[in-house]
Structure formats: structure tokens, C-alpha cells
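Positions annotated as [4Fe-4S] cluster 1 binding site by Swiss-Prot, on the basis of sequence analysis: 116, 152, 188. Marked as [4Fe-4S] cluster 2 binding site by Swiss-Prot on the basis of sequence analysis: 265, 269, 272. Here Swiss-Prot flags 107-225 as domain 'MTTase N-terminal'. Summarising the annotation, Swiss-Prot assigns domain 'Radical SAM core' to 251-518. Annotation source Swiss-Prot lists domain 'TRAM' at 521-589.
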């Protein structure tokens, strides 16, 4: 059975996915993985354990196979159909069998999330899955029966934190008398280091990749029933978006929320591990996105951030099966025409162009109309996917924030080519200039990597000059960390010494904060619409909120401001801007997005 499933996985499944047999294909893949778990990864204390793990994990279809087969134009539909029909006669193994909602029996789950906003969103999905199976999400680590580490693999330091935490958990099990504590590693690190995690002496009980969270209750059931001591599911799905799962929101104040609109990435930048840990791009059904936004609006949320690894390459092209006529969504959607997703002029891709579909610009238009009083942000985009019509939409829709993340990574065309970013310094600057012309005062943020393979002093200086030219409002700056499996790991040489990487990173950080402080000084006297989202972490004497441009503003919680409430919009005058991080503001009046837009109309004191 295993050999037959193995052959199917490696030769036929991905072609079937292309021929609209996704559900059948995924069931067969899942059978392969789950039989791999239940039959071949039972953990015994014998000397053959590590070899057994290696032998079985190497049979898992690789991402290269995934990509290669997904671009295959040969139609093998008839040949594959008979094979799949034969395999359909087999019943699903217990690993994927549906569980009753009370299977968790109230056992307490503690989740620690590391890394990006997508991981935060994934945690909310995991919470929903666990609660629906009868588990309780715990707010107290000390009472938890199960601990999940929701991990990041983007840099070596991110993984080092997890190894340290696993060491701590191993000690807690031993020294605090909690030998039955179940420890699971979820997310990108689980996908990337599945073999190492299972072979280590950290006593990891469960390893689950980003596309396999639905199987968590089943995996736990096999552990709790004593069927095996370790369970793994690290399948990369061609269509999993968790669209039907209602996230359990983790926000305490119910002001802002994340909405995941797509998963995976096709860009294959030479330094990046994301395509190997999260798979290929797939867009979530548009109706489900708009319903979630409407639900958040009904709950009183005031700000939504649309999420994706490459969010503005959203391209939904499947027909909707939803025949519900009671909502605004279907009526609007049916008016949309499918469009080709093409990179901006001066930018290029290394992958095959997708089918015509509903693009990110059209999605943003629909989302912005669900509730004109909800702010809309999005992250993380790619510079190639900023067409002019998207910029015009942002300009004309008051509730789409005038704050764009435009990851540069480097200011050197030579380094950008080595990174396989698909653009030059000149084309990036052209995009920035266009944004500044179409959206005056728009805040721009970015990502930068210092010390990439082959980076010279001149390359580094070009990055510094780009930062000085643009004047970023926020930046995520890191030293290059070589990741296995990436193009850089296979083809390039990590030849910049660590000390030089550090010194260059220091200069990058210093340049950013110098320009930011200059820009903050220019804010004094400007009026912004600030959404108050809580109190300052340093002192409850100050409210804290954010402008449309995502600048943090402190407002004194004094006698004059007793009417200020969390979750409301206020017009605020900036009175102090000497901090590198926050501004100080004085509230003028309570307002709304539409009211503020009518008063200022993006002119006068508003940036």
C-alpha cells in the first residue's frame, strides 16, 4: 500500500491537481503522509530509529517536484483517472478520520508564536481547529497539557530561539514533574527541519507544517491513544487556504485584525526559504475573504490587514460555488472581469504567468467597500505587483491606508540580480517616484539584507544612498543568513565575513533612524486621523494610536482627554516629533474616515 501511494505521489498527483482533481489528489497525498506516520514512524528506542526516519522522510515529494510537475502542460487526465479510481477504493486511515468535537476532552493547549504576521494569523486558525475538536486554548503555560511552538525559519536566529525553547521545555518536563506534556513544533521550521527535529533529543512529539494544521487533532489522538510516540504531517498543499475556518481572534481590544488572503510564494528569490516551507501561491476564494471582513465589521473592528507571503500577487480565478443571494459580495463579484496578472514595466518574474483572474486591485476595491469606516492595510507585497491602477485605487479610497511596504532588499542592481528579485535599482526608484507623485505623503517602508553573497563596499554604499533618497518610515533590517535548499545555498558563496555583515548592518540601521528622525521633525503641526488602539506599554498615562501612514502617536491620558476611547478615530495635531519611533499628539476632535477626508481632502496640514 505504501509503495503504491508513494508512486502515485511522485508521478501522478501534481498533474491531477492541474487537471482539476485537487480534492482527489490531496486525499491520496494525505493517505501517503498519514500512513507514513502511523505505520512507519512509530518511535521505538532501537538503533534503527534515525535511519528509519531518514528513509521515510526522503520519500516525501520535494518542492522541486511540486514546481516541476505543476508547470507540466501534458494532459495525462485519462491515464491518471483510472489509477485514481482504483486507489479511491481504499478507505482513509484513522489518521485523517474526522473526530467528534469532544475528542479533546477539554485538554489545554498553550501556543507560542514566533515570526511574521502570517504566523500570528495561523495561530488564530490553529486555535479554531483545536477548539472545534474539544480542546481548550490556555492562557496559562503552567496548566497546559499541550505546548505548540508556531515557528519561523526565515533566518538562523529565528530557529535558534526555537532550539533554546525546546531545551527549556525538555528541562521543564524533567524537573517540574510534567513528563506527559506534549510538545509540538508547527509552521515553517517544522517543514524545513522535520528530520532534524525528529532525530534530536529534544523529545518533540508532533511536527506539523503550515498546510497541515487540520490534521492536528488526529495527530494528537494517535499520541494520546498510545498508538505511537511521535507524529508528523508536513505536506505542502496545492490549494489549502483554510478559507472555511473562522479564526479565533487573539487581539484583546478588538480594534485591528489580520485576514489571510493567500498562501505561499512563487518568486523563488535566491536567499529565501519561504517557497520551500509554505509552497506555491494559491489565492483564497474571494467570497470567503469578503465575508470575513464583513464579520469583522459587524464585530466592531476598525482596522484590517490583508496578509500573504506575496500579497499583491493575489489572483483568484476559480468559479464561486456560492449561490447565496442575500449579500453584497456576489452582486459585486459578478460584475468583475478576469484580468491577466502581469509584472509592472521594468520588473520581471522567473515563473510562468498564472491564469486570468480577479486581481489584487479588484479585491482591494471590494474589501474597501464592505465598510468605509474600516481601515485597510496589506502586507507583505512584492514591488513587481504594483500596477498603476492599484495606486490610483489607494489614492481614491479614503479607507485604504496611504502606507506601502516596498521591500528593496538592496540598493545595488548587481546584488538584486544575484538575489533574483526581478528588478534593478533604477526600476525600483521609478516605482518609488511614481508612488510619491500619485500618493503625496504616502509612508513607505522596506526590508534590507546586509552582507548578501558577493556584496561589495560599492554595493553596500548603493543601499545606503537608496535609503537616504527614499526616506523610509519603517524598515526591517537584517544580516544575511544562509538558508539550506535555497538557490544561494546551491549556487552562490556566502563570502562576506560576519564582522563585515555586522558593521554594514549597523550603518544601514543608523542611516534609517537618522532619516526617520528628520522626517518626524517635519510632522510637527500636521493633522492626522489617529485610530486609538490602547495604552502605551511604558505608561497607562498615555493612549497610543496609529495614523493612516502607520506612525505611532502618543496622546496624554490627562483630564482634558477623559472622553477618548479605544477603538475610536480622532483628529490629532502632532506637537512633538523628536523621537525616532513615536510622535506626540494633541487631540482636536473625534472624527471618522469619511469626515476627515471631507475636511482635509488630502490637503492642508495632512500629509
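Cβ from N, Cα, C; glycine included.
Here the features listed in Swiss-Prot are placed on the structure.
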residue : record                          : CB count, 10 Å
116     : [4Fe-4S] cluster 1 binding site : 19
152     : [4Fe-4S] cluster 1 binding site : 21
188     : [4Fe-4S] cluster 1 binding site : 27
265     : [4Fe-4S] cluster 2 binding site : 22
269     : [4Fe-4S] cluster 2 binding site : 22
272     : [4Fe-4S] cluster 2 binding site : 21
Any further residue of that chain within 8 Å (Cβ to the Cβ centroid of 116, 152, 188) of the recorded [4Fe-4S] cluster 1 site: 114, 115, 118, 119, 151, 153, 154, 158, 187, 189, 277
Env. residues of [4Fe-4S] cluster 2 site, Cβ within 8 Å of mean position of 265, 269, 272 Cβ: 267, 268, 271, 273, 274, 275, 309, 310
